[in-house]
Amino acid sequence: MSPLDLLVAAPLAFMIAALLSGPWGRWWLLAAIPVMAGLTVWLLLLPEGSGHVVGGWTLPLGVQLRADGVAQLMVAATAVCAAIVGLYALHEFAPGADRSETAHGFAFWPLFYLLWGGANAGFLTTDLFNLYIALEMVSLAAVAMAAMGSLRAALRYFVIALVGSLAYLLGVALLFSNYATVDLTLLAEMARPDLATKTALAVMTAGLLIKAAVFPLHGWLPPAHAAAPAPASALLSAIVVKVGFVILLRLWFEAFPAIIAPAGLELLGWLGALAVLYGSVQAIRQDTLKALVAYSTVAQIGYLLLAFPLVATAAGTGGAWAGMTIHATAHMLAKAAMFLAAGLMLKAVNGHHLKDLHGLARAMPLTVAAFGLAAVSLMGLPPSAGFLAKFLLLEAAVEQGAVFAAAVLLVGGLLAAVYLFKPLAWAFAGSDTPVVVAKAPLRTAAPLALALLAVSLGFAGQAMVDITAGSPWAGPPATEAEDVQ
Amino acid sequence: MNEFLPLLLVFLPFVPALISFALPERMAVWRDVINISFALAKLALVGFLLLSVEDGVTTEWRYEFLQGHDFILRTDAFALLFITLSAFLWLIATVYAIAYFGRGPHLARFFGFFNLCVLAATGVAMSGTTITFFLFYELLTLATWPLVVHKGDEKSLRAGRIYLIYTLAGSAAFLAGIVWLKSLVGTIEFTAPPDLSGIPRLELTLIFILCIGGLGVKAALIPFHGWLPEAMAAPAPVSALLHAVAVVKAGAFGIVRMIYDVYGIDTVSELGLGTPLAVLAGATILYGSFRAVMQTDIKKRLAYSTVSQVSYIILGASLIGPFAIIGALVHLVHQGIMKITLFMCAGALDNRMGIKSVADLDGAGRAMPVTMAAFSIGALGMIGVPPTAGFISKWHLGLGGLQSDAPWVIAVLAGSSLLNALYFLPLLYRAWLLPPSAKLASVRELDGAWNRMLILPAAITALATLAAGAFATFPFSPLSWAKLIAESGYLK
């Protein structure tokens with residue numbers, strides 16, 4: 001066996017175990033964390049570009065799992081997020097009075113593992129059809145988790161996600177009929193700039209833009225993410241949208257870089273810029289905390305798209321590529337931290353609005369500190385992984401003379417400061433100490449750990465750059481996949 | 001061992017910061033003890049470094065945080081000038097803050113961020129590259145915000161909002177400038193200015209404007225000074241720190257670095273950027289003084305006075321000449337000592353007698369003679385009366401103006417001194433010569449020990465103001481050190 005298979009298989013095994021254990025399902029987490037941590041470390045130790053074809057078939061027939069820089073970074077970040085969010089959720093999703101299997105305390109845990117396994121599959125697979133399955137696993141879990149908050153939002157999410165999936169699947173079918181393979185690495189060698197390929201790429205991109213909630217296809221995200229319970233929101237915003245993004249990355253930079261017109265990259269860049277500005281302005285206008293954080297996700301996803309033309313122009317130098325992937329990682333950690341902190345604060349004051357946070361910095365200093373540290377990373381201020389990412393992107397933009405992208409990066413940071421300091425200002429307001437309903441000292445550790453990690457990764461910049469440098473686009477072409485069985 | 005000294009010096013305040021955050025309020029005594037002992041330890045460390053830097057030994061610590069991006073902390077003479085000031089005033093301000101707040105609630109947070117602020121200011125001073133400078137500069141913004149909003153009332157929150165909008169926008173401009181410059185000439189270390197020939201003049205000018213504009217926000221250059229008077233909503237120890245060492249000084253310090261270590265004086269004069277900046281600084285000096293005259297609130301008056309005084313540093317730096325830069329460097333220290341004296345006195349007056357506006361000052365000299373004496377020395381220093389520190393600054397700046405063929409500087413200095421006298425002397429007149437108003441009867445019962453701790457710091461800095469002026473020619477005086485910096489690198 002290789003860690004590549006196990007990283008997908010183990011969460012699914014835990015899903016089944018959780019399903020079968022009913023009310024005790026949540027305790028599987030204590031086994032899942034060491035197992036997944038071990039596998040993740042193993043993955044990080046694998047040589048660059050290690051690949052492995054599942055089931056012993058050779059490539060056009062078999063399905064390849066591969067550990068490149070992006071996959072390593074994203075799987076590791078997902079493991080950290082999922083583990084910490086899971087620990088936080090142990091209390092929130094405990095079996096209550098309702099002992100039916102649809103009760104949140106039972107239903108959350110299988111979905112949690114489904115999401116984890118699906119995300120890992122999405123990051124590791126190079127097979128477009130398998131990626132579709134991964135995408136569906138993640139979407140299914142995500143929709144069900146969103147439904148725990150608001151059925152209406154979940155239904156909307158479901159319908160839109162379905163459209164996205166179908167668009168993507170249509171593209172996969174077109175490619176298969178054209179090339180008789182759906183493996184990314186093989187497609188990269190054969191890609192022809194014909195109409196069918198371009199149509200396939202266009203519809204798949206549209207589908208993935210929906211999944212990644214890129215402006216203007218983001219409409220489903222804020223209501224779904226804002227309404228879900230805090231741990232679910234954290235997983236949705238941190239992990240789910242990244243799966244669509246990584247697949248998009250694979251399509252554009254790995255499978256079809258040869259046939260992509262600069263105009264297409266420019267278009268994605270513009271969408272990203274609009275997402276940053278629109279998402280930030282919307283976040284500023286919100287007066288409920290979770291909606292604010294959810295719109296912040298729309299804005300932060302924008303940076304990832306904004307980086308597309310920069311990455312393409314900077315071919316080989318790697319700065320923009322590293323900036324983009326580090327941004328995805330930093331956002332994962334910081335946004336999960338922020339949703340968990342928001343959940344704790346709102347629960348403590350039993351409200352939803354920013355003004356309910358009045359004076360909370362005195363009643364729950366550690367939770368507010370976690371929110372603040374996560375905000376530092378999201379605003380792209382030093383010292384944090386978010387700053388590193390933004391700095392690398394800014395440097396790439398300036399070197400390429402992309403004045404507009406540079407301006408969006410800087411203005412986006414300022415707008416983020418405007419919307420993120422709003423809740424913080426409420427938390428610092430007044431001089432009395434509000435009485436809070438429930439203090440959860442243990443659970444406070446979860447957002448704090450995630451936020452501290454997002455900040456302290458700012459000191460490990462070169463290590464992250466080195467990991468991402470293993471991506472095919474960044475440096476010399478990937479070596480032939482070597483078997484690590 | 002020596003290699004880690006810069007690192008130790010910068011991150012030393014991190015320990016009391018963490019301890020302050022963690023200790024519960026009932027252990028406040030321990031917090032006070034730890035804060036003061038770390039401030040003393042830092043001062044001792046700085047003293048040790050002063051001796052070695054005077055011998056020409058600079059230490060540095062570097063770490064490549066990204067390929068091609070070095071994080072460098074270096075103890076050059078200019079850095080030590082600022083660090084010595086900040087270490088000395090940190091100790092003073094800590095003692096003062098402990099006495100000012102007494103045993104109020106929620107002070108853990110205050111002292112925690114207070115320490116982070118000092119950490120950031122020390123980092124700004126010791127930064128060896130533009131990007132390192134930016135890291136600490138931004139950290140300073142973040143660490144001061146909780147201090148500005150500390151009171152939590154509507155006014156403080158508004159001040160915090162305005163502060164963030166100004167400073168973050170400034171930092172964004174500054175970041176754009178340094179990244180742009182780096183893309184043209186690579187990493188810029190503050191050891192020798194890089195070779196900028198061959199880069200289009202327009203680009204260089206634009207980058208200079210972005211950087212100076214960004215730094216000018218913190219240094220309160222017009223038209224970016226708006227946040228400073230608003231920030232008066234913060235408690236007095238915060239204002240004292242903000243105005244004397246931390247925020248405005250970081251901006252002024254950065255501008256000096258830009259002119260002398262990033263662009264180099266030759267490039268700045270060749271591009272003709274010095275004179276416009278000097279004129280802007282001159283305008284800020286007059287405008288700040290003029291607005292100060294019109295304020296009735298003591299702290300507001302002091303705030304506009306800071307707007308004016310910090311620009312003396314920028315004026316001296318942008319005139320580009322031996323006397324001017326010595327005047328600028330020495331004023332960096334002198335302004336800090338004098339302004340912290342004034343703010344600590346204003347805070348004490350408010351804290352003990354509820355005096356906030358100029359009109360309440362009648363007869364205050366009789367009720368709080370030591371405080372008012374210290375205030376008077378600070379005020380006379382600001383006006384530039386010999387033998388105070390302020391006289392030394394203005395003397396060198398004036399000579400610098402003549403030396404750089406900018407005689408208008410004399411007019412600016414004279415006008416500003418006149419305005420300084422106009423807004424400070426009435427205060428002294430009221431405090432010393434008018435009979436006490438009815439209000440003063442309501443002086444609070446004073447607790448002996450607290451009271452002494454509140455007044456002693458201002459008395460010490462007032463004496464330092466006198467000493468810096470009277471003993472200006474002695475070794476290790478601010479003036480001697482400024483001359484050392486100027487001779488060792490800035491006058492090539």
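Cβ atoms here come from the backbone N, Cα and C positions, even for glycine.
Feature annotation from TrEMBL assigns transmembrane segment to A:6-22 (among others).
When Cβ-Cβ distances below 8 Å are used as the criterion, the transmembrane segment (A:69-90) is approached by residues 7, 26, 29, 32-33, 36-37, 39-40, 43-44, 46, 48, 108, 112, 115-116, 119-120, 123-124, 230-231, 234-235, 238-239, 242, 246, 249, 325-326, 328-329, 332-333, 336, 340, 443, 446-447, 449-450, 453, 464, 467-471, 474 of the same chain, each at least six residues removed from its ends. Positions annotated as transmembrane segment by TrEMBL: A:69-90 (among others).
Feature annotation from TrEMBL assigns transmembrane segment to A:102-123 (among others).
For A:126-413, the entry in TrEMBL reads domain 'NADH:quinone oxidoreductase/Mrp antiporter transmembrane'.
Per TrEMBL, the feature transmembrane segment maps to A:129-151 (among others).
The annotation transmembrane segment is assigned in TrEMBL to A:158-180 (among others).
Here the transmembrane segment (A:200-221) has Cβ contacts under 8 Å with residues 128, 135, 139, 153, 156-157, 160-161, 163-172, 174-175, 178, 240-245, 247-248, 251-252, 256, 259-260, 268, 271-272, 274-275, 278-279, 294, 297-298, 301-302, 304-305 of the same chain, all six or more residues outside its ends. Residues or ranges marked as transmembrane segment in TrEMBL: A:200-221 (among others).
Per TrEMBL, the feature transmembrane segment maps to A:233-253 (among others).
According to TrEMBL, the transmembrane segment annotation covers A:259-280 (among others).
The annotation transmembrane segment is assigned in TrEMBL to A:292-312 (among others).
Marked as transmembrane segment by TrEMBL: A:361-381 (among others).
Residues of the same chain lying 6 or more positions beyond the ends of the transmembrane segment (A:401-421) and with a Cβ under 8 Å from any Cβ of it are 269, 272-273, 276-277, 280-281, 283-284, 286, 292, 295-296, 299, 302-303, 306, 309-310, 313, 375, 378-381, 390, 393-394. Sequence annotations record features per position, and here TrEMBL assigns transmembrane segment to A:401-421 (among others).
The feature transmembrane segment is assigned by TrEMBL to A:442-465 (among others). With a cut-off of 8 Å between Cβ atoms, the residues of this chain six or more beyond the transmembrane segment (A:442-465) that come close are 73, 80-81, 84-85, 87-88, 91, 318, 322, 325-326, 329-330, 333-334, 336-338, 340-341, 344, 364, 366-367, 369-374, 376-377, 382-388, 392.
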Subject >> Considering the transmembrane segment (A:102-123), which listed stretch of A:6-22, A:259-280, A:292-312 counts the most C-beta pairs under 8 Å >> reply: A:6-22
Original post:
Which one, A:6-22, A:129-151, A:259-280, A:292-312, A:361-381, has the most C-beta pairs under 8 Å toward the transmembrane segment (A:233-253)?
Top reply: A:129-151
**OP:** Residue list, the transmembrane segment (A:292-312) vs rest of chain: Cβ under 8 Å, 6 or more residues beyond ends.
**Re:** 212-215, 218, 221-223, 225-226, 233, 237, 241, 245, 252-253, 257, 260, 262, 265-266, 268-269, 271-280, 282-283, 286, 320-321, 323-324, 327-328, 331, 335, 338-339, 342, 354, 378, 389-390, 393, 396-397, 400, 402, 405, 408-409, 412, 415-416, 419-420, 422-423, 473
Subject >> Distal contacts, the transmembrane segment (A:259-280) - CB-CB under 8 A, six or more residues away >> reply: 191-193, 197-198, 201, 205, 209, 214-216, 218, 252, 295-310, 312, 404-405, 408, 411-412, 415-416, 418-419
